[in-house]
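The feature S-adenosyl-L-methionine binding site is assigned by TrEMBL to Gly110, Ile130, Gly131, Asp132, Tyr133, Val134, Leu135. What TrEMBL records for 1-222 is domain 'tRNA methyltransferase TRMD/TRM10-type'.
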Amino acid sequence: MRIDILTLFPEIFQNFLDTSIVGRAKNNGIVEVNCINIRDFSKDKHKRVDDYSFGGGPGMVISPEPVFNAIMSAKSERCKTIYLSPKGRTYKQQVANELSSEEHIILLCGHYEGIDNRIMENYIDDEISIGDYVLTGGEIAAMVVVDSIVRLLPGALNNQESFTDESHYNGLLEYPHYTRPRIFNGFEVPEVLLSGNHSKIEEWRKYQSLKVTYERRPDLLKEAKLNKTEQEMLNTIINNKNFNQIENKNKL
Ligand code: ADE
């Protein structure tokens, strides 16, 4: 896969792109990531890329020409051009899954009051927000997108780092993990995990995954595709919760 990041601050990406799983995937040729400085496409003798907003008001707007030229320099036949902005569709694991099967994406990072809207209207395929808050620019959002996509690419994670059990992969939050020591400050590891009984461990993990999802993100359960056993487990969790609530009320 190829990812081109169009930014006014390419230096922000250096450590991120050279470190950990993303750095390894780049070194192994699983992904090619290029940072393209929009300023390099400015025709202005001082390399300015912004200008006043037509209609007045505070804040500067990034001019369309350097952005257009930067996009054209990166564009390939089958690529998706994505603008990072708080106005975009909300980024979710499902969107990461979709994007990870693209051959080539261009991530355009905005700044100041934004980019001249004619770029959005005519040269952008998708607009993504990483959440309902405003960042100073699209760079951190672009890193979030790159990180979440690269780890899904075949060969990016090794066996120990497999993503199939983790939160959101199957629409549920992940079960808890424990490591040595067996007793830490008097707190014990759940007995079943020490039993060596793999089917019991798997059952316990599924139960915990459903329980934590029910308690923290019940909205996810509406979308999750549960099989019959999982649905029965969920019913038990819900009934237990109701039972505990009645018990607690009776105690008061
Ligand atoms: N740029 C500024 N805020 C942003 C957000 N929430 N998501 C994506 N890009 C942004």
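Each residue, glycine too, has its Cβ placed from N, Cα and C.
Here the features listed in TrEMBL are painted onto the structure.
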residue : record                               : contacts (Cβ under 8 Å, 6+ apart)
Gly110  : S-adenosyl-L-methionine binding site : Ile62, Tyr83, Leu84, Ser85, Gly137, Gly138
Ile130  : S-adenosyl-L-methionine binding site : Leu84, Thr90, Tyr91, Ile140, Ala141, Val144, Val145
Gly131  : S-adenosyl-L-methionine binding site : Thr90, Tyr91
Asp132  : S-adenosyl-L-methionine binding site : Pro86, Thr90
Tyr133  : S-adenosyl-L-methionine binding site : Pro86
Val134  : S-adenosyl-L-methionine binding site : Pro86
Leu135  : S-adenosyl-L-methionine binding site : Pro86, Ala141
Let me make sure I understand the span of the S-adenosyl-L-methionine site: among Gly110, Ile130, Gly131, Asp132, Tyr133, Val134, Leu135, what is the greatest distance between any two Cα atoms, in Å?
16
